[in-house]
């Protein structure tokens, strides 16, 4: 493994250097073998005797851990200085193919930015983040991922006493909108410029020599954010806490906390029980994405003219709608756009809202429909079967215009409509067993989530509607 730390070497004063605080009797609970292989890691690194590498007791050569400082808007209100309160950027892994990945250890102990926290993470939240990153990655949504989950005998006090844990998160970058806000609101505009130049140099090197590099860069940040959120909306993912300090400059989904996937199609779903006003509801995410980009634009106002910032921001909605429309047409089995496609989509979504239909299962079942069937077996899932039959007939006539075989259409539709997603109750079942040192449920769920688009009878039980108790789970920011 080859590591360095360009953040440390190139950005003086943007962080505090310190070492992780190891946990009591730490042990490696689980890891992603697939990600380890992609990173070129020897499987022997995950033997019990090497737990120190994943628990902060031992640093690999070239690692220089540090805590980053940033600020942000939380629930629409300026929160001031935040920063890595329990996580450390260990270093950047350099792969032979030129790719670079941050290694970030979460739950690594107190930092100067811990505020009132204890610097620790609990097993419950680390497993939720691990599973979320894996699920989103295999759904094709840009995301951070987690390599390892470490548990311990160290008690951590939240609503109850829980096991202290650590998560090793891997991402191309951990730069957030809030990094730029921090220095802007401190009046350190030269550091805003320095940070922008750093990000462009390392992640947009093709723009370094461009005269309008800041405009071109910010425009791409806007577009990436739009595409990320379009992906969220297409798979029914609600992030839960879209504060500006949780927004990636690369358009990656990260900082998984009180997230959730739609069960019943409820556009107003609020998955964070601390979000009393519904600011971060599922249907509000596209709007919040733009609001957050406006906050970033404000922080970058010293780098571009107001006209340039408006020009970049103006690209958000068209790109969001283009990408979302493309994904939703694919979910309906439509290759080429037609003028009535939006009516077909809204007709189905309205019917699903009225009926309380399961979002993931409804689209997956539609993928299996045969276009010569005058009546779909899906109708039995609906109370108002006449309304469904009416919609189905319109959809069927539209699909026939595509002039594709059932087999071809079904295959492409299945690639747009997962058979299973990470429902909260599935994660909870895996967590409860893992807390008893039984990782069998976790491992099985992880394997299933790596094949979300497959017809996999062995995982059919994971693709069902949640039981009643599973619909009533509440998730908070507590982690």
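Cβ atoms are placed via backbone N, Cα and C, with glycine included.
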- line: Of 38, 255, 263, 264, the one that Swiss-Prot places in the same ATP site as 83, 85, 86, 106, 118, 119, 169, 176 is 255
- request: Take the C-alpha atoms of residue 118 (ATP binding site) and residue 245 (active site, proton acceptor) and report the distance between them in angstrom, rounded.
  value: 19
Query: So of 86, 169, which of the binding-site residues has the fewest other Cβ atoms within 10 Å around its own Cβ?
result: 86
Query: Where does residue 169 (ATP binding site) sit by DSSP, helix, strand or coil?
result: strand
Query: So which of the binding-site residues is most packed in, judged by how many other Cβ atoms lie within 10 Å of its Cβ, out of 118, 255?
result: 255
Task: Determine the Cβ neighbour count for residue 245 (active site, proton acceptor): the number of other Cβ atoms within 10 Å of its Cβ.
output: 21
Number of Cβ atoms other than its own within 10 Å, given for residue 246 (Mg(2+) binding site): 21
